[in-house]
Amino acid sequence: MKVLRAKSAGFCWGVERAIEITRDYAHQGRKPVYTDGPLIHNRQMMEKLSEEGIREVGDYQSRANIAVNPAAPGENPVMVVRAHGISPERRNYLKSLGMDFKDATCPDVGIIAGKIRLHAKKGYATIIFGDKNHPEAIGLLGYTEGRGYCITSKADIDALPALERVCMVSQSTMFMHEFAELSEYARQKFKEVLVFDTICQATKDRQTDVVALARQGAQAIVVIGGHHSANTVKLASLARLQNLPTYHIETAAELSPEEMKKFTVIGVTAGASTPEFLISEVCAKLEAL
């Protein structure tokens, strides 16, 4: 079987950076190291990080189970903000816990937050093309000074109140063509709309590469990554739009040899939070068929 691997499959630089920052603290013996929610949306990678003393914590409201000594900051547990970023309010709360605080927000997400903050202070409302339940979008809404709206469709735009001045951005992992369509619709709807294309280059590259796999002769596409990873789900959706059988899996164990043997050429891609070892295992299994 011939396996066509997408050029940009796997970790983006923002995810690599967040993992490196977190691991550095763990390897210094600074344990436990906490992350505010899952560092990345990949269960297998989170399990590996857990073995290294890196613990995911949820939306806890007190210091009850975390020992902190304000007089010895260098000896305290470390709290790492994940790549998706957080709101200013959340940042202040985490800092108030007294742990050593480290921000691993992806710089691309930080740029989006900066654009929102700047224009919110100038009186602009903010429209974010994104999933209102995704941690990145939740964090970005915190910079809008209470005038932020998450949308995913023209109907969502139609439901917005009358807005005079709008700053429009995108969650970094969304579809390029949808953002272009909705930003143009917003321009027709509101008096002044400043549009900033904030879909990150890693997302664009991965989406472009999926289309390229179809053009290179792939008869089916395997997309590797967490089922809760927004960018991986988008890749799988885009692969299906190429009218190719598409298999969204997390590990090689999910591949059905009988199903895969129907094809002689298979394209393989992976989300920005998928580690290399998972991609290699899938490619090896396919090539052995």
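Note: Cβ is positioned from N, Cα and C throughout, glycine not excepted.
The [4Fe-4S] cluster site in Swiss-Prot is built from CYS12, CYS106 plus one of CYS200, CYS283, namely CYS200. Of the residues HIS84, HIS177, Swiss-Prot puts just one in the dimethylallyl diphosphate site with HIS41, HIS134, SER229, ASN231, SER273: HIS84.
Using CYS12 ([4Fe-4S] cluster binding site) as the reference Cα, a 10 A cut-off selects SER273 from the recorded positions HIS84, HIS134, GLU136, SER172, SER229, SER273.
Of the listed binding-site residues, namely HIS41, HIS84, HIS134, the sparsest Cβ surroundings within 10 Å are found at HIS134. GLU136 (active site, proton donor) and HIS84 ((2E)-4-hydroxy-3-methylbut-2-enyl diphosphate binding site) have their C-alpha atoms 5 Å apart, to the nearest angstrom. DSSP classifies HIS84 ((2E)-4-hydroxy-3-methylbut-2-enyl diphosphate binding site) as coil under the three-state reduction.
Other residues of the chain with a Cβ within 8 Å of the Cβ centroid of HIS41, HIS84, HIS134, SER229, ASN231, SER273, the dimethylallyl diphosphate site, are ILE40, PRO135, GLU136, THR173, GLY226, HIS228, ALA230, THR232, GLY271, ALA272.
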